[in-house]
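Novice: Pasting a structure below so you can have a look.
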Amino acid sequence: MVMTTSKLAGYYDAPEGVDVRGRYDEEFAKILTRDALEFVAGLQRQFRRQIRHAMESRREAQRRYDAGGLPGFDPATRFIRESDWVCAPVPPPIANRMVEITGPVERKMVINALNSGAKVFMADFEDALSPNWENLMKGQVNLRDAVNGTISFEDRERKRVYKLNETTAKLFVRPRGWHLKEGHILIDGEPAVGCLVDFGLFFFHNCAAYRANQGQGFGPFFYLPKMEHSRCKVSYKCALISCLTNKQTVEIANHARHHFRACREARIWNNVFNRAEESASIPAGSIRATVLIETLPAAFQMNEILYELRSHSAGLNCGRWDYIFSYVKTLRAHPDRLLPDRVSVGMWQSMMRSYSHLLIFTCHRRGVHALGGMAAQIPIRGDPAAHAKAIEAVRSDKLREVRAGHDGTWAAHPGLIGEIGTVFEEGLAGRENLIGVMRREDAAGIGEEDLLERPRGRRTIEGLRLNTRVGIQYMAAWLTGTGSVPLYNLMEDAATAEISRVQNWQWIRYKALLDAERVELALTPELFARVVEEEMGRIEREVGMEKFRRGMFKEACSIFVRQCMAAELDDFLTLDAYNQIVIHHSREGSSL
């Protein structure tokens, strides 16, 4: 970690056992109040053992996959998949979610996204944000002001002031995943859990105003990322529960599972929500959350995730870019699972289509929304033909989604909202959603092999070059505080960098044969080094010598290449890079 020795102008009024080591700022201090920090610390102290156990369960599952195993449907929870139950009714203010926009919690972005015409804005503390101290705390300030309706932004260069429209999108907040720590806040001597900081601070300060101004008596609303819900060892008694008939009580099964299965990630979140609701004296089930199905293990646990969150669920979302990343990471020890160029792994591939259709069937059977994937395209100025082609690709993708039965979808740029909205308005035909209309019973038979089928396509030297170029440029931006980056007419976040990294690693590890202008080349470390050198030269030409010199491209290249060449694949690229953006400040000016 990077440590400063500058003396702070002030310090945060932290409760016992909590040490805030981020830069002091008077505006941040209004977020990091003693009571708010006590609330976050209480969450960590209550749930940290369960979180540690869940992370160890992930590692245990990965060891099984590395030994040749494959993810699959858990026989011990068959009763959940086969029983007839539904989640709590959809709250009226979020019944229509036909188009949602996502983006970081940067002030101008928050205003533009809420004003975009989308039904929902997902404010992101995760993949679209570089989690340095300034970004995280300013993000909390921005969301507080947005919920209160007082947010504004003055763009002096454009001589324009941005304010909220009378009608805005509904605000959802995505905290970080369970695996990420918050290195600027220590609780009982250990880094805080990042998602509990993000969730806890937002909930503590905004619950009442949110329910009055945004949720119509419901909320707050959240997105939950990176859930794996790994299968764990079960006892003989728990295995017997899978034989229960639908007429037998699910609560008996739930009781046995509580005692004989390891902690589930979704259940931890449900308990966090229960604790938060109780602390705020609001009705149980007020908080609602949409879970991103963006890991391969989670695709086999959709019913189980919804069941654990059934009083707090707001459906599931196809987080398709991270899903591809997870496919490679989960099956990293399986040389028969090499993917083609990542641009070839679209929703037309059998694996991806099965995942989407099973999600729709599962959600609609349980009475909640099934959200489609991201449209990452951004408007292409100065090239009408290229822009028209990009918009047509978006329209085609969204038409596929609504025809399949998705209730809504994601966009990365406000310029896409109108086109996507038109597609979904026609598909919904006056309805708020397709729950109860598109049941997709035909997807009930989707099996393990369907979800695991390897995508088909070519592996090329150009695919390797693109992975390398995009991965390095994204990481350079991330290191300097930007987590959502326009690259080659797409808005990229950490998911794209992760796909690029793990695919390079997979190809290098198994010496994949790459098409190179009608010649096949085995990907060796030497060939990769040459590609990196050439792509760094191209990056410098594209961004300009001065920007290249001032940026952190060399540092990014070092991190990215080290990860691609690692003997063992790291779980996340940003875990390696995180220490470079943590800056500790001390009260006395001494090194921490």
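Cβ atoms here come from the backbone N, Cα and C positions, even for glycine.
Annotations per TrEMBL:
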| type | residues | note |
| --- | --- | --- |
| ACT_SITE | Arg174 | active site, proton acceptor |
| ACT_SITE | Asp493 | active site, proton donor |
| DOMAIN | 16-78 | domain 'Malate synthase N-terminal' |
| DOMAIN | 170-231 | domain 'Malate synthase TIM barrel' |
| DOMAIN | 263-453 | domain 'Malate synthase TIM barrel' |
| DOMAIN | 459-581 | domain 'Malate synthase C-terminal' |
Novice: Between the Cα atoms of Asp493 (active site, proton donor) and Arg174 (active site, proton acceptor), what distance do you get, rounded to the nearest Å?
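Specialist: Here the two Cα atoms are 14 Å apart.
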Novice: Sequence gap of 6 or more, Cβ distance under 8 Å, 3 or more pairs: do the domain 'Malate synthase C-terminal' (459-581) and the domain 'Malate synthase N-terminal' (16-78) meet that?
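Specialist: Answer no: the domain 'Malate synthase C-terminal' (459-581) and the domain 'Malate synthase N-terminal' (16-78) share fewer than 3 Cβ pairs below 8 Å.
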Novice: In sequence order, which residues at least six apart in the same chain have a CB under 8 Å from the CB of the residue listed as 'active site, proton acceptor'?
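Specialist: Non-local contacts for the residue listed as 'active site, proton acceptor': Thr102, Met122, Ala123, Asp124, Phe125, Glu126, Phe222, Tyr223, Leu224, Pro225.
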Novice: Inside 10 Å of the Cβ of Asp493 (active site, proton donor), count up the other Cβ atoms and send me the figure.
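Specialist: Other Cβ atoms within 10 Å of Asp493 (active site, proton donor): 25.
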Novice: With DSSP as the yardstick, break the domain 'Malate synthase N-terminal' (16-78) down into helix, strand and coil residue counts.
Specialist: 41 helix, 3 strand, 19 coil
Novice: Mind checking how the domain 'Malate synthase C-terminal' (459-581) divides into helix, strand and coil residues in DSSP?
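Specialist: Secondary-structure composition of the domain 'Malate synthase C-terminal' (459-581): 78 helix, 15 strand, 30 coil.
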